[in-house]
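As recorded in TrEMBL, the features of this protein are as follows:
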| type | residues | note |
| --- | --- | --- |
| DOMAIN | 2-254 | domain 'Ion transport' |
| SIGNAL | 1-19 | signal peptide |
| TRANSMEM | 159-179 | transmembrane segment |
| TRANSMEM | 191-210 | transmembrane segment |
| TRANSMEM | 222-250 | transmembrane segment |
Amino acid sequence: MSVFFICVSILSFCLKTHPNMRVPVIRNITVRTSPPSANPNATSTHAWTLDKTHTYPHDVFFYIECVCNAWFTFEITVRFIASPKKSEFACGAVNLIDFTATLSFYIDLALQRFASHLENADILEFFSIIRIMRLFKLTRHSAGLKILIQTFKASAGELILLVFFLVLGIVIFASLVYYAERIQYNPTNDFNSIPLGLWWALVTMTTVGYGDMVPKTYAGMFVGALCALAGVLTISLPVPVIVSNFAMFYSHTQARAKLPKKRRRVMPVEQIRGHVMRSHVPMRAEGPPPARRINALKQNIPKDFLGGARTGNEEHDIPLVFKRFSWDMREFCLKEYSSLF
């Protein structure tokens, strides 16, 4: 249910920005039939016009957001109450994102009545983009996203090294292309400063290449070629390590999924546990639970266990190693071993 409301909320957030999903603002314009100086008692007329330059989302999206955020509020409240450790719940990254996204809706709802008096109301609407971060909640329901997050955590060192070399290369090539374009006469020079060259170097090293800034001199083209080659080498070097970590976590997850689920057996109450273990009556496989455990132990432990040192009679013997343990430890070992059968 939570996944459904997350998808509906994100879809509503995106669709309400489409021009066909918005309603033009209706403005009231007052028109006077004559100048006020000529006739002070002249009546004014009102005209309604559609201002298509200013629009607002349809009311349906508001109701959808109200329903979705009501569910999110109910969910986070119940999860907080049911959480055994409130401090760990409050410090969780996904819980903080959920709380911040839900709180942003109520803040936006409270500011809507004051939006007409605010000059920068559009800037306040920018903070509603926090609601998109609810997509991180899907990590609870997707094993693939969990693997991806664990991969990034395990590859944090390689990613930091990648960013370091990228920043180093961006600064170096931005400076080189700035001075390379100034060596020859170039009236259409796009690199008027090194900060503009930083944008070009970033786009070139990441092999994106928007084409908004292009070197036009031979020296600038040579620097651009070196920048592209350095970007390919810098990005490709840490990739095998990240892929290896992803493959390791993925194979581990697949192996755990193939393991049989552990069955918890409910054993009958044993009131005279010690008396049965100490008695000299021969035990059979069809006897009480302690007898079945010891018989299973006799059949599955090798005869040369600890050099063949055993205790008890011929039909009712156990390895001598259990005699060295306390009674509680022997009972624990018997329970753990007999749970396999």
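Backbone N, Cα and C define each Cβ position, glycine as well.
The shown structure was predicted, so the numbers you read here are calculated from the model rather than taken from an experiment.
Here the transmembrane segment (159-179) has Cβ contacts under 8 Å with residues 152, 191, 193-195, 197-198, 200-202, 204-206, 215, 220, 223-224, 226-227, 230-231, 234-235, 237-238, 242 of the same chain, all six or more residues outside its ends.
Long-range contacts of the signal peptide (1-19) within the same chain, counting only residues at least 6 positions beyond its ends with a Cβ under 8 Å from a Cβ of the stretch, are 55, 57-58, 61, 64-65, 68-69, 71-72, 75, 128, 131-132, 134-135, 137-138, 141. Long-range Cβ contacts of the transmembrane segment (222-250) within its own chain (Cβ-Cβ under 8 Å, at least 6 residues beyond either end) map to 147-148, 150-151, 154-155, 158-159, 161-162, 165-166, 169, 173, 176-177, 180, 201, 204-207, 215. Confidence over the domain 'Ion transport' (2-254), given as mean pLDDT on the 0 to 100 scale, stands at 81.
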